[in-house]
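Visitor: So that we are looking at the same thing, I have put the structure below in structure tokens.
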Amino acid sequence: MTISGGNQHNNNANRKYEKLIKQPQMQFGSSVTGTQTDVDSCRDADADANAVRQDFSNFNKHFGNGHAITDRTMLLRLEDDVTTAAGIVTYKGKSNGNGNGNGNGSIGSISLDFNGSPTSSTSIGIASGSSSNTHLASGGGVGGIGGSEPAGWMCHCCNLIARRCFGINVRRCVLALLAITMVSIFYYTHYVDTGVFNGLIQRDTHPAPIINCRMINSGGKHIRNASPAPDHRSEARLRIDPKVLVFVETTYSGLGRDIAELLVYNRIKYKIEVAGKSLPVLTNLDKGRYGVIVFENLDKYLNMDKWNRELLDKYCREYSVGIVGFVSPSEETLVGAQLRDFPLFVNTNLRLRDASLNPLSSVLRLTRAGETAWGALPGDDWAVFQHNHSTYEPVEWAQRNTQEYPADSVGQVQLPLTTVLQDRGQLDGIQRVLFGSSLRFWLHRLVFLDALSYLSHGQLSLNLERMILVDIDDIFVGEKGTRLRPDDVRALIATQKNIAAMVPGFRFNLGFSGKYYHHGTREENLGDDFLLQNVQEFNWFSHMWKHQQPHLYDNLTLLMAEMHLNYAFAVDHNIPTDSGYSISPHHSGVYPAHELLYMAWKKVWNVKVTSTEEYPHLRPARLRRGFIHRNIMVLPRQTCGLFTHTMYIDRYPGGRDKLDESIQGGELFQTIVYNPINIFMTHMSNYGSDRLALYTFQSVIKFLQCWTNLKLASAPPVQLAEMYFRLHPEEVDPVWGNPCDDVRHKKIWSKTKNCDSLPKFLVIGPQKTGTTALYTFLSMHGSIASNIASPETFEEVQFFNGNNYYRGLDWYMDFFPSESLPNTSSPMPTQLGSPRFMFEKSATYFDGEAVPKRSHALLPHAKIVTILISPAKRAYSWYQHQRSHGDVIANNYSFYQVITASDSAPRALKDLRNRCLNPGKYAQHLEHWLAYYPAQQLHIIDGEQLRLNPIDVMNELQRFLKIQPLLDYSNHLRYDVKKGFYCQAVSEKRNKCLGKSKGRQYPAMDERSAKLLQRYYLNHNTALVKLLKKLGSRPIPQWLKDDLSTGT
């Protein structure tokens, strides 16, 4: 049956065949007047009318279902003939608006077979009127459903709906049909594994690697035995430091930034200088400070003033230091322009294509010649070099872009144009490598690294060994339709074998969550089984049982219980449990460190190694580092451009070209080039569907073999971690950052932790300068609170400067209560819940070598408060402090013996000497703090003024800290005659002073020691005066003036 709505009237009525046919009206109350058209043949109107009556009777039986009981009539007007063909009668008519609704006179048609059954090809169109009831053919059509021959339960439902559709409200009918449609979609996508529908899913679009090298066969082996990469090392490297001096046009120039980032990525030390200024110091005693000089703009070198040019050239000749220069783009196009003082000519502002390398160049080491980078090169501002002297040799060639510059004649052969040039130094004794374009072209990045190696005589050479490990996270985790099938597992094994031929020892590393085993479709469950049947083919590591984030657990027992479930699953399915490696879902709990995770890992899995992309931050990738915490080595993890949702090549963000760009010289390629040890994160979904991970890693490894001399290999995680920390021992200690400063970190940090409780300012010492008195005065303020006292170090936490730092951030934060807690020791009333200024006082922070870096990482916005007194007086006070506490060395050696102890003295004596003398090098330590904190966050207190006039000192400190309300210390501090210093006034007649150990009177320092210390600190005190003047906000203390006047 077909019922459809139209919007036109048939005015070609043949009135002589018009009849009225009464039929019981359908329940929904619509009256239909039909107009018959499309006449084939019909001569007897009465016979046709009878046929119509019979058909409508059958129609009402089918769709009225006994409910068409109203007295209204269906009026059918026969105009022209009734079409009858193949047992089907078709009526096309228009509504006359009879019934309860307001008909709009739309054309309608009804098709029935003579048996009263719907035709095998069924479509239903429904029109609605404007009244509360709905009518057949009473307005614009609003919906429909089409289908083919009924099959199974779905078609049965459709027939049932069709038969009852005219016995209920049409709007409900539409909703029912939509519901059936949604149910059918859900059924087919979640429960049907085979058949026509499943075949519609694109599963045969697996991209194949297209990287082909002329020098490498299909098995990843070089066709001819390639000569080993040249060794640039020579004895000249012994006279220079492994550091690069980079001259830039401005501190914000783009190429200068690219150069600096490339050096950072490869951990090459460098110094940036703005060209045009005076040269920095180039030598240190008899050694050159820099191994290579780099000019972002070659013109800055060529046009350097005579004095600086001669100094620089003399340094380069004397220490065999080379120069790298880049031809800077300019608006003026040069043709055959000669470089100043050199028999060298340049053409600029060219568009080029098809770059290749000179296989005879002695510069190349990391980079392999023999291939061509086909296609247009980036940019339209290339410079090419022309020369006629034997000192010059091309390193890189390119062709003119014929699309931009057509050849003069058809078939003309273009000569290669030199885009990177080596100057052997035959003219002036200085070797150079000149680039005709920036680092936008990926090949220039490799050649630039080779130039640094060559010009520094191997001092800046990179190791050519690269380790690659590919983790496959989320095994058994994934929605239906995204998981692995048996064919995917076979492809995984086959690809692993192919990669292993190019990367010795390579095996995929699979991380599993056992809870979701057999949670796919039937075929995907077979894939799970097939994966476990081949468990021996891979390396394995544990995720969490249900892929939970560990930082959400505050109970160690529960966290361990979840791990035990995954462990039991591994045992039941013969998965190895001794890898010593684990990955936390979403890297939760690794960094920021969740201490319970590290504890549970050790107890359940005996984890020795993990990895994360979050330390210290996800971006920029060049700054990712490793660390060791609780004897678990944490390695930096790399991304490869594939994530859980990137499963199909045609849906890859940016398209296939974007992925290929990353592989062929882009981000993924450069990640492996720059990192000696690479652990890549992928997911199970990347190995199903289009198997993008297999395509990606096969392609990038082949591309690496085409263009580099890198030696690729793989090893288990524990072995990689040991190698990593041998290469980078400076990364063993972690640096705890503030989780609230990184949105990603905050998401994987416990919700029970709050950065607001961290201290807003630090009192850093040094020791024996009055820090305890300052601590006491600050605690009197109602809006200021300090940490909870430590059972070991009392009011000092001593977190940033000792072994406490390795206990982790959680341990440190436990010392700081909620900032809303009242300060019960304060005489100043405070309201519960008012803002609090938390602070920490640890006098050992001042001269701690690692303290400024560590504190700035966690508390970058904190204010820093320090107290300075005469360094000689401070040294003597520390010695007497140790004597009073029964220190054996202090009681057995005089002060003079201690401060004059040699480096060959007993270790304990040297330690005491250092603790007496080193903190007094004030300028040196302050400069260290100012390397991390701006001067605006540093407040220096004159220790003598704190002792003699604490009220003014405390008022000034409150203004610096911007604390409200201000506390009037004149009402709370009183000079105590017996103690000889100010104390807290608790009543009119009683003071609360520090203990007996504070303010102790010592014997006067002997004159010999005093003179020695005045000479010892002379240069340090002079530097302090210069620093204070530079800061400009502090007057020169009187004790400093006295020390300098006496010393002279």
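Quick reminder: no glycine exception, Cβ is built from N, Cα and C everywhere.
Below, the features straight out of Swiss-Prot:
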{"type": "TOPO_DOM", "residues": "1-172", "note": "topological domain 'Cytoplasmic'"}
{"type": "TOPO_DOM", "residues": "193-1048", "note": "topological domain 'Lumenal'"}
{"type": "CARBOHYD", "residues": "ASN388", "note": "N-linked glycosylation site"}
{"type": "CARBOHYD", "residues": "ASN555", "note": "N-linked glycosylation site"}
{"type": "REGION", "residues": "753-1048", "note": "region 'Heparan sulfate N-sulfotransferase'"}
{"type": "ACT_SITE", "residues": "LYS768", "note": "active site, for sulfotransferase activity"}
{"type": "CARBOHYD", "residues": "ASN823", "note": "N-linked glycosylation site"}
{"type": "CARBOHYD", "residues": "ASN892", "note": "N-linked glycosylation site"}
Visitor: Please give me the CB contact count at 10 A for the residue listed as 'active site, for sulfotransferase activity', counting all chains in the structure.
Guide: 22
Visitor: Just to verify a number: CA distance, ASN388 (N-linked glycosylation site) to the residue listed as 'active site, for sulfotransferase activity', in angstrom, no decimals.
Guide: 73
Visitor: So which of the glycosylation sites is most packed in, judged by how many other Cβ atoms lie within 10 Å of its Cβ, out of ASN388, ASN555, ASN892?
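Guide: Answer returned by the neighbour count: ASN892.
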Visitor: C-alpha of ASN892 (N-linked glycosylation site) to C-alpha of ASN555 (N-linked glycosylation site): distance in Å?
Guide: 52
Visitor: So, in DSSP terms, is ASN555 (N-linked glycosylation site) helix, strand, or coil?
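Guide: The three-state answer is coil.
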Visitor: Three-state secondary structure of ASN892 (N-linked glycosylation site) from DSSP?
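Guide: DSSP assigns ASN892 (N-linked glycosylation site) to helix.
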Visitor: Round to the nearest Å and give the CA-to-CA distance linking ASN555 (N-linked glycosylation site) with the residue listed as 'active site, for sulfotransferase activity'.
Guide: 43
